[in-house]
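Trainee: I am attaching a structure below and will ask some questions about it afterwards.
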Amino acid sequence: MTQLPKTPLLDQVTYPADLRKLEDRDLPQLAREVRDEMIDAVSRTGGHLGAGLGVVELTIAIHSVFDTPDDRLIFDVGHQCYPHKILTGRRDRIRTLRQEDGLSGFTRRAESEYDPFGAAHSSTSISAGLGMAIAADLDKNDRRVIAVIGDGAMSAGMAYEALNNAGALDARLIVILNDNDMSIAPPTGAMSAYLARLASGRTYMGFRDFGKKLTAYLGKNIDRAITRAVEHARGYVTGGTMFEEMGFYHIGPIDGHSFDHLLPVLRNVRDNARGPVLIHVVTQKGKGYPPAEAAADKYHGVNKFDVITGAQARVKPNAPSYTSVFAEALVQEATLDDKIVGITAAMPNGTGLDKLAEAFPSRCFDVGIAEQHAVTFAAGLAAEGYKPFAALYSTFLQRAYDQVVHDVAIQGLPVRFPIDRAGFVGADGPTHAGSFDTAFLTTLPGFVVMAAADEAELKHMVRTAVAYDAGPISFRYPRGEGVGVDMPVRGEILRIGKGRIVKEGTKVALLSFGTRLADCLLAAEDLDAAGLSTTVADARFAKPLDHDLIRQFARHHEMVITVEEGSVGGFGSQVMQYLSSEGLLDNGLKIRSLVMPDIWMEQAKPEAMNAHAGLDRAGIVSTVFRALGRGVAVGVAG
């Protein structure tokens with residue numbers, strides 16, 4: 001294990017109040033030490049590295065200038081919050097990031113008063129900040145509210161809805177646009193910094209306020225003339241922007257790694273701003289760590305790594321990942337069917353659609369962080385006879401539910417939804433768990449809902465989705481590697497609404513939806529050994545259900561247990577509804593539904609999370625024994 005970095009200045013800073021005692025000339029050294037601390041911590045835990053390294057100076061400057069936590073500081077998404085955590089009383093736990101019982105990898109209200117708003121999904125900061133700014137006005141409190149949002153998050157419509165509303169309300173809100181991709185405009189050196197300072201200073205802001213007061217005094221007839229004069233002055237100084245059209249006073253771009261640029265602007269805004277202000281700051285992802293600077297995409301999210309070389313720890317997989325199996329199967333099918341297109345919302349690598357883009361660049365679309373648009377865009381393609389695969393993580397599909405209902409399901413359009421990261425996802429915790437997709441999709445008429453039990457089943461479901469044109473269809477699969485089954489050369493087309501029995505028994509029936517099948521088979525071994533002959537089936541479909549299979553289980557077994565890595569209201573609830581409506585519960589059938597517990601489960605390794613939820617081998621056996629009034633045999637479910 002490498003030695004901890006030497007951080008004499010950072011050792012003096014536990015909270016932002018300590019930071020404010022430092023001289024401006026000390027801050028560059030503090031930034032170097034915060035970077036060293038963060039690099040060392042993430043090298044031991046893994047996590048999001050590049051984004052945090054890019055905002056070290058910005059984070060220090062904000063905490064130096066503003067009176068946090070009384071002034072509210074909100075980070076969008078939260079990938080960049082590690083320096084913030086180091087400076088807000090959590091440095092002693094920074095090497096527990098994303099570990100069980102450790103610090104969250106995102107901002108979290110329950111963790112610190114310095115996290116006024118939790119985040120993990122994108123583009124929420126301006127809306128939340130606006131709510132807090134209006135609350136401060138209603139309370140007649142002069143606290144400032146600062147929302148830090150990345151240029152990537154600005155691709156989502158919600159950010160613009162909030163900007164539009166903030167401008168209309170003339171809210172006292174500070175938005176800092178962290179442009180770490182140089183995608184909007186780079187700073188142009190000393191002149192840019194000077195103009196930004198000038199634009200944020202008392203003179204120009206005073207003119208703007210004077211214009212408002214004069215308009216109020218003389219009436220609206222003079223408003224257009226004053227507006228033209230103010231806009232001319234603003235455009236002359238900084239260049240007119242769409243943010244200004246929305247009512248924001250726009251400053252920048254400025255160098256986000258220069259305290260000489262950041263501190264004067266932030267102080268001017270703190271002391272003079274009365275309406276909404278947007279500060280455009282340009283930063284470099286991975287700043288200060290050469291491997292991350294050279295390959296920002298590879299160091300966005302990292303495993304544990306060697307600080308000296310940057311080499312990340314790699315565990316040799318026992319089987320291909322579900323994501324790679326999906327990608328390979330989709331490319332295979334797209335080679336045979338030129339109507340197949342892929343859609344991703346800023347996650348081409350995470351969803352595997354980068355492979356489709358490499359093979360068929362004109363048939364793969366990255367729409368940015370815009371899940372709502374992605375789904376309706378897919379609906380438009382489907383309406384014209386294409387076969388769109390809108391590949392989204394389960395947690396992000398939630399963001400587009402109205403589009404799934406209104407634009408896809410009601411119209412019966414055959415949009416295909418590959419749902420990645422289904423179930424527990426481990427270190428990213430409850431904000432990224434794939435908990436609810438089965439529950440919210442099975443409520444929709446005409447929607448086919450599948451889950452892959454293993455990587456071979458996933459390949460079958462890709463081909464099934466290609467062949468299915470009668471309406472929308474989804475298939476879910478987890479993060480991580482498969483179980484190591486033999487793989488078909490090409491997937492088979494499954495019969496819609498038909499499951500499969502993988503082990504015959506007579507007393508207990510385990511009906512699995514998804515990848516809990518492997519644990520069901522292990523549990524069946526223990527139950528057989530305890531004298532409880534057990535049937536195991538892979539449901540494949542939560543909608544439509546395999547009614548014949550369920551009736552067979554109900555009539556020929558003493559007990560039925562459904563098992564799924566999803567929330568209450570999903571597959572098990574669909575089975576229960578069917579059994580109830582058919583009168584199959586009237587003769588004493590014992591039935592239990594194993595689902596994710598009705599809590600927000602904290603980060604841990606997925607296997608530990610499944611064990612805690614009772615969804616593993618031991619939990620299934622224990623549920624059977626309790627339902628049958630038997631004690632848990634020592635060594636069977638232990």
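Backbone N, Cα and C define each Cβ position, glycine as well.
Pulled these features from Swiss-Prot for this protein:
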| type | residues | note |
| --- | --- | --- |
| BINDING | His79, Ala120, His121, Ser122, Gly152, Ala153, Asn180, Tyr289, Glu371 | thiamine diphosphate binding site |
| BINDING | Asp151, Asn180 | Mg(2+) binding site |
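Each of these features: where is it, how hidden is it, and who are its neighbours?
Mentor: Around His79 (thiamine diphosphate binding site), the same-chain residues at least 6 positions away in sequence with a Cβ under 8 Å from its Cβ are His48, Ala51, Gly52, Gly105, Phe106, His300. When secondary structure is read from DSSP and collapsed to three states, His79 (thiamine diphosphate binding site) falls in the coil class.
Sequence-distant contacts of Asn180 (thiamine diphosphate binding site), defined as residues of its own chain at least six apart whose C-beta falls under 8 angstroms from its C-beta, comprise Ala51, Gly54, Gly150, Asp151, Val282, Thr283, Gln284, Lys285. In the three-state DSSP scheme, Asn180 (thiamine diphosphate binding site) falls into the coil class.
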Trainee: At a 10 A cut-off on CB-CB distances, which of the binding-site residues Asp151, Glu371 has the highest count?
Mentor: Glu371
Trainee: With every protein chain in view, how many other Cβ atoms are within 10 Å of the Cβ of Gly152 (thiamine diphosphate binding site)?
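Mentor: By my count, 21.
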